[in-house]
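Database features, via TrEMBL:
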type	residues	note
DOMAIN	200-317	domain '3-oxo-5-alpha-steroid 4-dehydrogenase C-terminal'
TRANSMEM	6-28	transmembrane segment
TRANSMEM	76-98	transmembrane segment
TRANSMEM	155-174	transmembrane segment
TRANSMEM	194-212	transmembrane segment
TRANSMEM	259-285	transmembrane segment
Amino acid sequence: PGRSGAGAMLAAAWALLAAAFLSALLLLRRAPAPRPGGAALVISGLFQDLIRYGKTKRGCGQAPGWLRLLQVPKRWFTHFYVVSVLWNGFLLICLFQAEFLGESLPSWIQDMHHALGRDSQSKDMGNEHFSALLVLLLLWLHSCRRLAECLWTSVFSSGVIHIVQYCFGLGYYIAVGSTVLCQVPTNVRNGKKLSVQICWYHIIGVTMYIWASLHQHRCLTILANLRKSRSGKVVSLSHSVPFGDWFESVSCPHYFAELLIYVSMAITLGIHNVTWWCVVMYVLFNQALAAVLCHEFYQKNFSSYPKHRKAFIPLVF
């Protein structure tokens, strides 16, 4: 109840995003092929251009010249993590100073809280302050690792992403960190320093986070090694069928690991945080859409592709 309008507004916004990606997934799976030469074909082309990126854009026809002007290199994914490391690192420092040093959050952050309806005098909900600080730290560490992988592990081909996808990705990492920060009251702890109390859900959440992060890194390394020689030199930019680790069960285990990382953060927040579960729902449908497109790419381009593999979630989907 006292958790207020901020939680409700943010939860609604993330739920709306989740619904949009679920709708896109359902449209992709069930929409009939449009007839050539009609407006439906143009709309379908725009839809496909917005949801596909990288290798999954192949085989969807040659995009008109004006559409190609709206594409940027897929390797610009790196920019997402640069923004996230800087922005969420800044938020982490602000929250750390407020929690441990008794300083006030910057006035513009307080204004953001008030704009979202967060009650600055809301009751301290047990260990939610430390939980939010811990989740912001996990989010920042996740962004640091992904940035390092983009710079030194991954091998990007000449694939592209739509400028809308690119701008959305930049905004996403700003929004997700801000969402964590809005889970604590504006005045933080009325000048009192934070007393750290480790709870069972912190241990479970952080353990799951480390486990999922290790598997995600292994899977991204497997993908990168498909294009490298044993000495580590890049010898090809073509696509091959990956094997090993979670690739034995699903086509996109790195997407599944991403979902598990966000679930681990929901657990770390104490499991009861509705707003963050809406973030998890968004990640679920966003990653499911990308996984289905990748799965279809593998099936179409490799006749011997393992038939037992699911697209996203082992044994399920």
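A Cβ is built for glycine as well, from the same backbone N, Cα and C atoms used for every other residue.
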Recorded stretch that, among 6-28, 155-174, 194-212, 259-285, has the most CB pairs under 8 Å to the transmembrane segment (76-98):
155-174
Would you kindly list the residues that approach the transmembrane segment (155-174) from elsewhere in its chain, counting only those six or more residues past its ends and only Cβ-Cβ distances under 8 Å?
49-50, 53-55, 57, 70-77, 79-81, 83-84, 87-88, 143, 224, 227-228, 234, 237-239
